[in-house]
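Participant: Handing you a structure now.
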Amino acid sequence: MAVKVLVVDDSGFFRRRVSEILSADPSIQVVGTATNGKEAIDQALALKPDVITMDYEMPMMDGITAVRHIMQRCPTPVLMFSSLTHEGARVTLDALDAGAVDFLPKNFEDISRNPEKVKQLLCEKVHSISRSNRRFSAYSAPAPAAAPTPAPIPAAAPSSFGSHSAPARPAPAPAPTRAPAASASSPAPKRKNYKLVAIGTSTGGPVALQRVLTQLPASFPAPIVLIQHMPAAFTKAFAERLDKLCRISVKEAEDGDILRPGLALLAPGGKQMMIDGRGAVKILPGDERLNYKPCVDITFGSAAKSYSDKVLAVVLTGMGADGREGARLLKQGGSTVWAQDEASCVIYGMPMAIVKADLADAVYSLDDIGKHIVEACV
């Protein structure tokens, strides 16, 4: 059965091109289009698409507000289009917080110059997030302010980026949650003297990382490295966001940074992050031969070489199998590898690769991973 898609964008050119690209895939059917957030809600209710592609800046109602309403009234996987700017990153992260599943940079130049590459990426994303559809029937999100028909508002509601007057290290704010999934069956972990916690993730990762990291105390005794598939323009904003929400410190990694307890370093987009035996971070240019920049396998592999059996590696929600080969090296050295369970993943790809390769020492639900990291390390 074809994946039914609703395309939402106020640009006539972009609506047409996205519709044409998707319609060229025989397994995708564009069932409708909308020019603003209010139309998107009406069309989502009427057409019941499997996936919605959504722009942010639109008249009458912006994309984030529309996502919030859609998640409340007819939960549907949403793929956001975003500009490759710091502000675009902030807006995209707000949209993911509101319930969107994934995002793609909105790059008109790429559409003109690399249509086949754009088609492959867009169709792959649509197919991937459509498979998360079954998880959306249980979505629980805060009720929108307006009902029953959303009223146009000029700007999105304040995001969890907060104002500059917010406390430097507030109590962690809960991430938007779907209804709790059944807990995985692995027993609680035993405490070990880990020298490093390494977490890799992709689709669904921004919200998942927020959920995990906000459970860690400021006194967390181990350094943390984070590898999230994300464009170069986005990782700094994401690190800043996590730093405001968490009790630990979070920053985008820079070449020469030194690992220390209570600090999480986020691999910069478009580059690779490695760890040496002295606990120093090396940031390398992204290798065009690798699909992912940053790549979980690269960081996990360097950690395996530098820390032997003293790494706790966690693979969270995401497409593909990045992290599997790095996890294999970690296991060969005696380190511990956990995977997120299928029920709580947005996309059960990366964790599934770990489980199928028999590399997982434990499988936990997302809501349990943070507390189990604390139990294992503190």
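Glycine is treated like the rest: Cβ placed from N, Cα and C.
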Participant: Could you tell me which of the ranges 141-188, 189-236, 285-332 is annotated in Swiss-Prot as region 'Disordered'?
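Facilitator: In Swiss-Prot, residues 141-188 carry the label region 'Disordered'.
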Participant: Among the recorded positions Asp55, His229, Asp322, which ones place their C-alpha within 10 angstroms of the C-alpha of Ser202 (active site)?
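Facilitator: The recorded positions passing the 10 Å Cα test are His229, Asp322.
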Participant: Provide the three-state DSSP residue tally for the domain 'Response regulatory' (4-121): helix first, then strand, then coil.
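Facilitator: Counts, helix then strand then coil: 60 helix, 25 strand, 33 coil.
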